[in-house]
């Protein structure tokens, strides 16, 4: 093989199928293929065999788009379900009507402890069984938890619904495209993108049941937004929600019905039986006195439970501590009739333990009740083992989780599926909150000291933690909340520790937000997720970033007025909504119009974050209502901050100020689907036809995002239905490209021009065809859309449909007489578009209807060569069977057979050789076909070429023979094949000696052994003749 090239050149060959290029004439290049890479540069050939697939594993994709997995929570809840309970709800006529009806909402109220969460899991299980029988039905659930509110954002919760619905099904191209867009940036999907993915999944079902448990545990400020999205995600949704009685249903929910949840006496009896069976002491008492069981049942059921499961659980745990039957009887006489009194008794049991056990219980309850998210078992164990003033963890101080649970009297449990520690019930949290000031006054101080001590351990932080395979010490990830726990009245007690940690905070920020660190390990809570950390943050900056009010006051006490150097402190305080910090800084002279590169101004940052109080404060102290990259008004409109929109308009914000991604506030609101804000802006004089921004107009933004109500509002206010501009060129194309059939009908009925040219797809018809929206395409054709138009990146409607794999649309167009060989567009012809993207069915359709199989194909020379390169065996067969020239030369790779040998597509090699292709033909860089197959390590291809007559001893430049070249490359299997086919082991040509000498120098011991055995075999066969010659 020659390493010398007369001309200066560089060629890169990527194995596998490359990604599509960007749109339009200025589109980006396609993504690299997934196979080997060959780079040929002036004077040398570099071969990089990269077999790592760029196809993201399914589970990694699911975890990226949907980090919350409710499958595990569902299983864990079902573990505590006593089989046979809850059947009353499934038989209730209101539940049955909800299940069989269309687009219905059932809102289930229940008092604390009534078993709402377990009933929700029973419903999910029941519906899942139904879905197994009928694959057109879907079911998904959400279990809300106030401890996880920071993580349970609307985008993540909606993505969790998608994750459940896609179980056992293919992931849509929409979802994959969103992943591709975010992968290189390292960003996460927006709410709008999550909704798009979820809605595409919902379309696969005739009906989807969505069960949402404990909506009352969701933050009150965010609750309306979540409910709004749940009510509007799809017309095929049947929604069931559980909550406490004080939460009232939204009237906007369709076909709303309510149902009260209350544990029945029969269910409570079954539950008590199950709890008794778990108590060895009670079972022993009942064995001695069988009637005691009925006494327990009747007392618990008749006197104290009030429709709750939780009270019986606490009662049985209390009775299980009694050592005699008499003690059980006495306890039954004084059973508490409410949860608070029951918890008081539990706390009395904890206080009655030994001092050591009591201390462990207090520390455990302190951590579990005050943790900012559920702790893992290991995190809790380490937290309890950290000793003040130490520099490392003493493993002998670690306790087993059984020991920890045993001293907590049932208040703390382990979620075995997720391996996290929880309080037994959310009412337990409420009870502990009510007694914290009395029983646990130093809870936050204790936790903070533990975390700060842990973070100063020797060797922390360790840069090696950023390695993908590294194992982080337990509690490292949770320690990001150290500053959150530090904030409050107890800051003064922690002054020295806060000061010491402030000096090391940036080091922890850098380590725990390394690019290579797994997302779930990163410190992604405030202040660590702030995007604009200084390289050397001051103690004041850390205090402002962490909302350390007392520390901020202390640092500023006696200090002169702040200058511009303090602008970053007030910026981050505005970003997170720390009103008290802002007031302190403003009093000290901080600049309220300080710029920030991400949100332009403090006011914009506060508006974006929804911090109403801070918006008021900033405006009242003279902040510019129109300052920023976006305007503050756009920032508020983007996330539907209605109250802030009102405030800004009252303070004189320019309603038509242009700029930013969406051009103006109206387009921003239309893009986000915020109907109320759209109405407010229009009523206040927003220009309905203002041009600019991503979509060109507010109407196009609303059309693209499928909000029919906003589309109608804008049209009623005089929006130009044919306004040109933006990504899609027109509102009609925007609706067609995104499959918004209802809006397509509205726009056409309002006079939209169906053949308007321009935009990403060239026309609305091409947009619908390219994205596979057949009904929309047919509708547009019925309304006189031109099926022979030659616009856009695909050049023709047929090429667009072929590229996207829309077989039925292709058939329909051909029936209507469209020319299958229409030239133009990105791929040159419909056949190329289909073949390049592996759409075998469409290739067959086009060829059957006269598509030219021998048209030239750019860098590949021919369509056959291109299909060969991509390993599309079936398409190769179709082309060959229909007259493709198998010997056609040209393109980057010379011939189809050479490409097949290079890529190791053995089946295609066999097909082409069967059709009479010359087996001894030489390529530009590797010589013969046998050379290239051997060089690339394609063992099967080498075998078939030798079987078909390739010369095993043909000369190879630089190496002498192929055997010598294979020895140089360490191709053990190929060396074996060549020896079996009679390769000359003694060949001496080339620069590196014989094959044996080469393998010895390279250190390939297996090849050396193979060659020596062959050498000895040859010598042994020659010995009789040599002996005879010697004698003579």
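Yeah, the Cβs are placed from backbone N, Cα and C, and that goes for glycine too.
Predicted, not measured: the structure shown is a model, and the values here were computed from it.
As recorded in TrEMBL, the features of this protein are as follows:
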- 1-10: compositional bias 'Basic and acidic residues' (COMPBIAS)
- 15-34: compositional bias 'Gly residues' (COMPBIAS)
- 84-244: domain 'Nephrocystin 3-like N-terminal' (DOMAIN)
- 356-434: domain 'GPI inositol-deacylase winged helix' (DOMAIN)
- 1-35: region 'Disordered' (REGION)
- 628-660: repeat 'ANK' (REPEAT)
- 661-693: repeat 'ANK' (REPEAT)
- 694-726: repeat 'ANK' (REPEAT)
- 727-759: repeat 'ANK' (REPEAT)
- 793-825: repeat 'ANK' (REPEAT)
- 826-858: repeat 'ANK' (REPEAT)
- 859-891: repeat 'ANK' (REPEAT)
- 925-957: repeat 'ANK' (REPEAT)
- 958-990: repeat 'ANK' (REPEAT)
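If you average pLDDT over the domain 'GPI inositol-deacylase winged helix' (356-434) in this model, you get 94.
Beyond its flanks by at least six residues, the repeat 'ANK' (628-660) meets 225, 599-601, 603-608, 610, 612, 615-616, 619, 666, 668-669, 671-672, 674, 676-677, 680-681, 684-687, 690, 692-693 of its own chain at Cβ-Cβ distances under 8 Å. As a summary of secondary structure, the repeat 'ANK' (694-726) carries 16 helix, 1 strand, 16 coil according to DSSP. Helix, strand and coil counts from DSSP across the repeat 'ANK' (826-858) read 17 helix, 2 strand, 14 coil.
Within its own chain, the repeat 'ANK' (859-891) is flanked in space by residues 16-17, 831-832, 835-836, 838, 840, 843-844, 847, 853, 897, 899-900, 903, 905, 907-908, 911-912, 915-918, which lie at least six positions past its ends and keep a Cβ under 8 Å from the stretch. Same-chain residues lying 6+ beyond the ends of the repeat 'ANK' (661-693) with a Cβ under 8 Å from its Cβ atoms: 192, 630-631, 633-634, 637-640, 642, 645-646, 649, 655, 699, 701-702, 704-705, 707, 709-710, 713-714, 717-720, 723, 725-726.
Each residue of the repeat 'ANK' (925-957) gets a DSSP state, and the totals for helix, strand and coil are 16 helix, 4 strand, 13 coil.
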